[in-house]
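If you look up TrEMBL, you'll see C:5-139 marked as domain 'Na+/H+ antiporter MnhB subunit-related protein'. Taken from TrEMBL, the feature transmembrane segment applies to C:12-30, C:36-55, C:75-98, C:122-146.
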Amino acid sequence: MIANLPFIAVAVVALIGIVVILTRQNLVKMVMGLSLVEAAVNLFLVSLGYRNGGIAPIFTSAPAGEMVMPTVQAMTLTNIVIGIATTALLLSFVMLVYRKYGSADAGVMRRLKE
Amino acid sequence: MIPEIIIRNAPALLIAVPMLAAFITPVIVRAGNGVMKAWALLATAATAAIAAIVAWQVLDFGTIVYTFGAAAPGLAVPLDSGGIPVRIIFTIDAMSAFMGIIATISAFAVCLYAVASEGRQTGQEIFFALLLLLEVGILGMVSTGDLFNFFVFLEINSIAGAALVSYRIRGGLSVEAAMKYGFISTLGGLIVLTAIGLLYGQYGALNMAMVASRMQFTMLDGIALAMLVAALAMKSGAVPMHFWTPDAYGLAPASVTAFLVVASQASLYGVFRIVFTLYGGIVQSLDWTTVGWIVIVLGVLSMFVGVTMAIPQHDVKRLMAYHAVSQTGYMLLGVGVGIALLGTSSFDTYGIVAMEGGIFHIFNHAMYKGLLFLTAGAIIYRTGTSDLNRMGGLGHSMKWTMLFFGIGALAIAGIPPFNGFASKLMIYESVYLFNPLLAVIAMVVSILTLASFVKVFHAMFMGPRLPEFAEVREVPAPMLLGMGLLAVIVVFFGVFPEQVVAGLVEPAARALADQGAYIASVLGGA
Amino acid sequence: MMTKIVRAAAGILFPFVLIFGFYIVAHGHLTPGGGFQGGAVIATGIVLLIAAFGAGEIGRRIGPGALKGSEALGLLLFIGTAAAAFGFGGTFFSNWLANGGAVFGNIVAFGPNPGDLNTGGVIPLMNLAVGIEVLGALSVIVLLMLKGVGEEAE
């Protein structure tokens, strides 16, 4: 049970993020919800690599014991960078919408019909 | 003739050349706008040449494996690793080479067109840099043999695509569309990453051939398959997740839309690669007819919903965007029939023909849909409006645009001798043998497509010359050249379909269906 | 523009943040860190200056032009180092400096050891390139966003 705790946390954070995206009206908060979902996926990736009793995977500290898997840590780092680029782009879009429409509310984005 | 070093490293040059060009573009603009445009054209032309070299090598010598960071390109499995490919590899089989040709030809035509059509905008170096980065993303997605690398290029696609959609701000409308596109693309990408994490946790490998060879179909693998197919189908605009398509395609600049169509098809390629290559070996535990029927149902829904929602539209680019959704349905239908027949005896008789029809339709759709969007962009460039109710009588002054639009409209409706007829005929024939009702639905959708485009043609080009369009002339030469290139290909593929199918499409379909050869080319036939 | 104490403190702290960031970049092949992480720390230092002195003031002193130039330089150095591998007979991105005895060319000792800065081959160079690129890119993003906030809604 305790070994599954990270995965339960992943599910909880992702659920909170999706609920925020679906229910909040403010565009900035929707972007924050997307950041929460990204954080959940990052946590999922890092906790996939854990091995019981392993140490940090640094080559020049290689002892006789076991290391945790380093591949997932590289994947998580890449995803964090991608998340920064996406968040920066989406926040710029929010700023432009605010500047052109005068409000950062999702209701203002209904100009595009069917 | 061609230096040995270029041929040996051609798969890496396929992404290195546009990436280098994209990084240099914001710097080279200090020498002048014209120099920057010439540089972008040179880069897209060079990439097209490299894609041709790669395709020629693959068709002559079989699947190419290119290992990044190794001492030699073929060393996918390092000698001291115990048979595990550790580096990122590009596995270019005939299907990847086929998609690469589509992407590079489309990029070159769009770049030619955009040289003139974006001439009045500021910040053009950003436009061309983003266009080249989008090309890198597409080429990387179709060439890679590593799951996480696929995700990274998918995200490059999403970010560059979202930024390009909002290139012309237009009082905020395109920013809305770009935000929806960015949100949905990012959510799709995160779902793909979760599925890749699930697969890594199960099998400890990210290499596609490695995961495919170790695959035993557990419940987590089924969840991963469902997530991957759903997210990638969402990114390619299949119903019922197509809601971003009319907004994003309709409000982006026309040149960008013509290229976004190719990006959506790269996601469709991702669906096929996952289903055929990653999960293709477990014929006993996975029910292929079910998976095939799911894809077929998605395809039929897309065809029908796309064309029916297109008919009442009066904005020409939104109408074409709905038709793009509809045509994606044809591709899903063709390959879905192929999936449903995989492993059975009728696969080699008409299942492979259905797959070839679907795959050939990918190429034809990129060409004639790109042509149609570029002609719509030409009309908007000259008249300043995209509303069909306000246009009219343009046939008097824009004769070349009318000709190109006519070619594109006849091709999308499936009229001989254009390329749409060739691929649709293959789909009709084979799908009829599988289930006659599906073929009838496909033909009805074709007729509705023709009706829709006749209406658009009449609204745009026929009728008396309108007073407010009195000074409208033909569009500048680079735009005509870009459209002309796509039109020539549309006509050529329609007149000589046999050679194209035998030379390009059939190797691609066979490579997709043959999972064993894919794994053997990476892991060395073990 | 904040109070005098904040501005003085930011001015004193900025060099230390810069040094720490470059330390993370330079030792990326030995300790946790590397190009992106170090670049982000340096960009945080610049954001500290922006928070203390105001976006307009910093935009005048360290303009977006210099930061964009740093970004372009980092990108070109990165792709140039990767493409230089072609000239040495390897594939794209292959490590043509490792174990060669030249710049960053020492052989890595096996087993636990404090780590030799002179190892790694191409990797420290790419770390440097990515660090320069990221500090330019993130600073430009923050600077332009803050400049845009000041404009009224139309």
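Note that Cβ sites are derived from N, Cα and C of the backbone, with glycine treated the same way.
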Helix, strand and coil totals (DSSP H, G, I; E, B; other) for the domain 'Na+/H+ antiporter MnhB subunit-related protein' (C:5-139): 90 helix, 2 strand, 43 coil
For the transmembrane segment (C:75-98): best-contacting stretch of C:12-30, C:36-55, C:122-146, by Cβ pairs under 8 Å: C:122-146
Positions on the same chain near the transmembrane segment (C:12-30), where near means CB under 8 A and six or more residues out: 37-39, 41-42, 44-45, 48-49, 115-117, 119-120, 123-124, 127-128, 131, 135
Confidence summary (mean pLDDT) of the domain 'Na+/H+ antiporter MnhB subunit-related protein' (C:5-139): 88
